[in-house]
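A.B. asks: TrEMBL lists 9-79 with the feature domain 'ATP-dependent RecD2 DNA helicase OB-fold'. Here TrEMBL flags 147-234 as domain 'ATP-dependent RecD2 DNA helicase-like helix-hairpin-helix'. Annotation comment: TrEMBL describes GLY348, THR349, GLY350, LYS351, THR352 as ATP binding site. The annotation domain 'ATP-dependent RecD2 DNA helicase SH3' is assigned in TrEMBL to 564-638. Per TrEMBL, domain 'UvrD-like helicase C-terminal' is recorded for 657-704.
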Amino acid sequence: MAQEQEWQTLSGTVENIVYCNEENGYTVLEFSSGGDLYTAVGELSDVNVGEDVTLHGRFVTHPSFGEQFRVEACEVRMPESATAIRRYLASGALPYIGKALAGRIVDVFGADALEVIASDPMALTKIKGITPEKALAASNEFKRIFGVREAIGYLARYNLPASAAVALFRQYGPDTVEVVSHNPYVLCGYPAYQDFGVADAIAQSMSLEYDARERVCAGLLFVLRHNLQNGHACLPQDKLCGAASGFLGVEPETVASTLAFMLENNDLCAVEYREKAWVYLPEYMRAELSVARHLRWLIKYPCAGGEHAEKTIARIEAAQGITYAPLQREAIAAALGANALVLTGGPGTGKTTAVNGMLAAFEQNGDRVALAAPTGRAAKRLSELTGRKAKTIHRLLEVDYTNNDTVRFIHNEKNLLKCDVVVIDEMSMVDVMLFESLLLALKPQCKIIMVGDEDQLPSVGAGNVLGGVIASGVVPTIRLRDIFRQAAESMIVFNAHRIVTGQLPGKGSRDSDFFMLESDGEACQQLVCDLVCRRLPQSYGFDPFEDIQVLCPSKIGPLGTVALNAALQQRLNPPAPGRPQLNIRDKILRVGDKVMQVRNNYDIPYTRPDGGEEGAGAFNGDMGVIVDVDVRGGSVTVRSEDRLLVYTAEHVRELEPAYAVTIHKSQGSEFPAVIIPVMDVPPKLCYRNLLYTGVTRAKTLCILAGHSAEVAQMVRSVRRNKRFSCLADLIRDETL
């Protein structure tokens, strides 16, 4: 960890730009002050070599890079002398101006050169080599730099990061300061996405009335955006107004009138179903409406192929020497006879067999089939189960552009996918925004088969797509309920079905694949570590890195992911000579560590050791092992499946140790051995479907460690993460 010292102010000259991230402004530079050379780090957008700067911050001692000056605020003074201006222009800060032209400009205009560039750029054309186009480009960039700096300086008064100023300037240009000073609450939305409290503090410093329309509008938007994180695509109007009124300390009537204003101006949208008004952010209204319309259209669109389903199924059974169960036959026939289908069921009910039957039937018909899943691990598992290539949905659609968490895909309504059938596995994990993008990229006659377990946890993103599609009653749905004999012999499968139906898991025999180990307090953490590091490897031959996964209900506490990762890392991959590491806040990333990517990032480059395709992109839930750490550069290389991904200094924070991960993060994955600590589970996470999801991640062995009383409490709790959405209503609505 970096050790901080007291706040200081240093003035000096920028000598060298070591590194700069153009997206967020994070910069490493060298500057001279008082005859000494220092390294400064921080959000220092558009600072250039040769400029005089005043930096406010602290010296920190980084364990890898030594002493650095961490900048909290920066003031830039443009060079005033002819010599300083020459050096500044020669640094390449302005387009088309290099060392030679910098010298000529200063020779002609002297110390007035920068004023000429800003206010009379055409005067530059008298210098050989500068065309009117080049003069205007240099002038525009110079004014842009000063506009950004003005915005940075203005927002720095309120301790806002330079990255927010840069994002706002891209949106509002030279009017940025005026826009923010008139309405500080623009900081809460696109593109800055600052916390409401930050904008509110600025507004109060400007004496803006607490019930001002700008404040109430921002408060309503904040409540809706905050609830997206809880999975809600919309909110009932009464709940929204009540929450906003309490949050803002404003009368309900004021909130109601402001909401009416926002609805009238299309800043928000509303629909009425189930005798309630439901309020949406426009992009989520569009997404749910688009999904509903597309699915309704698919259901109504004539579908050829179902009339010969029985003959097709009989041929497949004869060729493969298999006899399908009645519901599996029904599922395959439905897939041939409908443009949209949901196949759902728990573990051991034959979903994979049914899907493979569908694929064989589609191939007999000559259909081009695309297989996809929400995560890389789920896609790999789908490939293994079907013997066919599967991709993540993002890779199927091909990411084209990302900015501020907004994703654009190469395949869209103007560039459709070239397939006749799309099969999506782990459909419960798909959120409404991603599903909209997928549906928009399908040609009109393309079938979509949605496969998933409706009892699993819903998607991380907002919405409950699988639940809504099933609840609509419009999209054909086949539920596989019967557990096949071979699967029924597994206590994992047996107990998963007991849990989901509200029954306590049964205790396995000595040679069972499911165990409940009672433990308490600190002894439980020790038990989990001992199971991973010694007992399971010795008794079953499991590899602690490849085969065993600890799944925690929570991140916090002695049996949360943070504490268990630290304990397991110390046992499995302790510090050692020749094993470099990075210390990042409260975690250590070391060569040999098992790690997980915790957010989608479409810019992380990867290569394939076998010389295959190169590309970019790492996705939430991807797991791998650190194979290299560049301590000086702050980068990490991770081997994930058949790819090598390089995480530069600004991206390493997206990696977390993965000896223990949350059950939520494990969705879409399977592991040979799963250990679930069940003790001191936070109340909001103590519910049946969370435990069910964790247990169904295990293929060969599942161990619950902790209190059987808490296991019983989770099984009894039928509370599911109720999500507000109108998708089912919209699908049913024939007036759309």
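Each residue, glycine too, has its Cβ placed from N, Cα and C.
Any TrEMBL annotation is an automated prediction that lacks curation.
Keep in mind that this is a model prediction, so the values were computed, not measured.
Situate these features within the shown structure.
C.D. replies: The average pLDDT computed over the domain 'ATP-dependent RecD2 DNA helicase-like helix-hairpin-helix' (147-234) stands at 86.
When the domain 'ATP-dependent RecD2 DNA helicase SH3' (564-638) is classified with DSSP, helix, strand and coil residues number 9 helix, 35 strand, 31 coil.
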A.B. asks: Could you give me three numbers for the domain 'ATP-dependent RecD2 DNA helicase-like helix-hairpin-helix' (147-234), the DSSP helix, strand and coil residue counts?
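C.D. replies: Secondary-structure composition of the domain 'ATP-dependent RecD2 DNA helicase-like helix-hairpin-helix' (147-234): 62 helix, 0 strand, 26 coil.
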A.B. asks: Translate the DSSP assignment of GLY350 (ATP binding site) into the three-state scheme.
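C.D. replies: Reduced to three states, the DSSP call for GLY350 (ATP binding site) is coil.
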A.B. asks: Using a Cβ cut-off under 8 Å and a sequence separation of 6 or more, which residues in the same chain sit near THR352 (ATP binding site)?
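C.D. replies: Set apart from THR352 (ATP binding site) by at least 6 residues yet with Cβ under 8 Å, we have LEU385, THR386.
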A.B. asks: Same chain only, sequence gap of 6 or more: which residues have a CB within under 8 Å of the CB of GLY350 (ATP binding site)?
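C.D. replies: The answer is ALA325, LEU327, GLN328, LEU480, ASP482, PHE484.
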A.B. asks: Please list, for the domain 'ATP-dependent RecD2 DNA helicase OB-fold' (9-79), how many residues fall into helix, strand and coil according to DSSP.
C.D. replies: 0 helix, 51 strand, 20 coil
A.B. asks: Would you list the DSSP helix, strand and coil counts for the residues of the domain 'UvrD-like helicase C-terminal' (657-704)?
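C.D. replies: Tallied per class, the domain 'UvrD-like helicase C-terminal' (657-704) gives 14 helix, 19 strand, 15 coil.
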